[in-house]
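Database features, via TrEMBL:
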type     : residues : note
DOMAIN   : 9-398    : domain 'Major facilitator superfamily (MFS) profile'
TRANSMEM : 12-33    : transmembrane segment
TRANSMEM : 45-66    : transmembrane segment
TRANSMEM : 78-104   : transmembrane segment
TRANSMEM : 110-127  : transmembrane segment
TRANSMEM : 134-152  : transmembrane segment
TRANSMEM : 164-184  : transmembrane segment
TRANSMEM : 225-247  : transmembrane segment
TRANSMEM : 259-276  : transmembrane segment
TRANSMEM : 288-306  : transmembrane segment
TRANSMEM : 312-334  : transmembrane segment
TRANSMEM : 375-394  : transmembrane segment
Amino acid sequence: MEPLTAAKIQKILYITYIFTALDITLLFVQFSITPYLARRLGFDTLWFGYLQTTVGVIQLLGGPVFGRFADVFGARTALSISSMASVVYFLLLASADSTILLFLHKLPAVFMHALPGAQMVVADLSASEKRAEALAKLGLCFGIGMITGSSLGGTLSTRYGEKFAAYVAAGGSLINLLLVLKFIPKHTKKHNAKDSNIGLFSIGSVFSLEEIVRLMKFPGVAKTFTVKIISGLPSGVFQVMFSIIAINFFQLKAEQNGYLMAYIGVVQMVIQGAVIGRLTSKYPENSLLLLSIGLSSFVGLAQALMANVFQFCFVVVPMMFSLSVFNVITDSMLTKSVPASDTGTMLGLCASVQSLLRTIGPTIGGFLYETYGVASFGYIQFTINATVFSLLFMSRRKTPKTNEHC
């Protein structure tokens, strides 16, 4: 493969951002369809939780394998498979007119990992010192997709029905497939001799558990990964249950829910586009990680005390700030802690954390919601994140001036 020039790298990054924005748009179109379709088919909160858990299990199984596949076979092949799976996913959603079909349409999600694939491209093509800022721009695309997808999905579902909205999403996934085939190079990694040898030995190890264990042995990886799971669990449960909270607790209709998601998207866009890059250039990543976890604990307390959607709109700003900083910083720290040849696998594992939360989150969230109410999500988030913050802070004081990624 001929070396990529700076201009060509910049073009690939721009296309990757466009691809991500469109993929997230379609994701939020789906979020605007599924809860209302599920309710029309007779799902209660518990069964909707089972549906969400199904998606989580499927993507939990596929995430690490997809990441390893992308490392070995390249970004173009991996993202093409993800886009084709999305087309099938939305076509099946359009035909889902029974409980069984609504569950079956989730099966292609095992291959749908566009965001970690795009993160791998960005991580491979950006300088180490600029990686957090480059990954934050993907978060900006996430915000654009959230705004566009929520508004589009709510409007299409309300005016033309869920089936039409699903067909539109399938068409969007097809456009993404064409973008990948046209503009994304087969490989994006800058191989040196050592990395090439790793790649040769890895071709037969896409499904190898040993590869995952190997990554966890690099300095700082296990600690950061554990923090990502434990600290992210409470907010993950809240996010998984948010569509139910919006319908039942806030009493929002599909179109109103779309506007609320669009507002959240605007807040995330501002944070990802204008704030995180400046923070990462001025402050060490460990300090920003502590800040995000500490702030998340207070966000949990605010969520526990909120009583209506108006109050929630005020909570959204610190909530999105803490979530955005936490996700970008942990992803950046983890990809810097492993060789360049393993960034896809590492990001696949990071994505599997979100899948794990979607797997256990609906069951935990459904139980908490039915038994203790919405406030329980906030109190648990406050307790867990305050504990993690205290442990990390004490650990940092005991080992001053340690490696930034530990």
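We number each residue from 1, going along the chain as drawn.
Glycine is no exception: its Cβ is also placed from the backbone N, Cα and C atoms.
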Taking residues 6+ outside the transmembrane segment (45-66), which of them lie with a CB under 8 Å of any CB in it?
34-35, 38-39, 78, 82, 102-103, 106-107, 109-113, 116-117, 206-207, 212, 240-241, 244, 248, 345, 348-349, 351-352, 354-363, 365-366, 369-370
Please give the sequence-distant neighbours of the transmembrane segment (375-394): residues at least 6 beyond its ends with Cβ less than 8 Å from one of its Cβ atoms.
227, 230-231, 233-235, 237-238, 241, 289-290, 293-294, 296-306, 365, 368-369
Could you check whether the transmembrane segment (164-184) packs against the transmembrane segment (288-306) - three or more CB pairs closer than 8 Å, residues at least 6 apart in sequence?
no
Considering only the recorded stretches 78-104, 110-127, 134-152, 225-247, 259-276, state which has the highest number of Cβ pairs under 8 Å to the transmembrane segment (12-33).
134-152
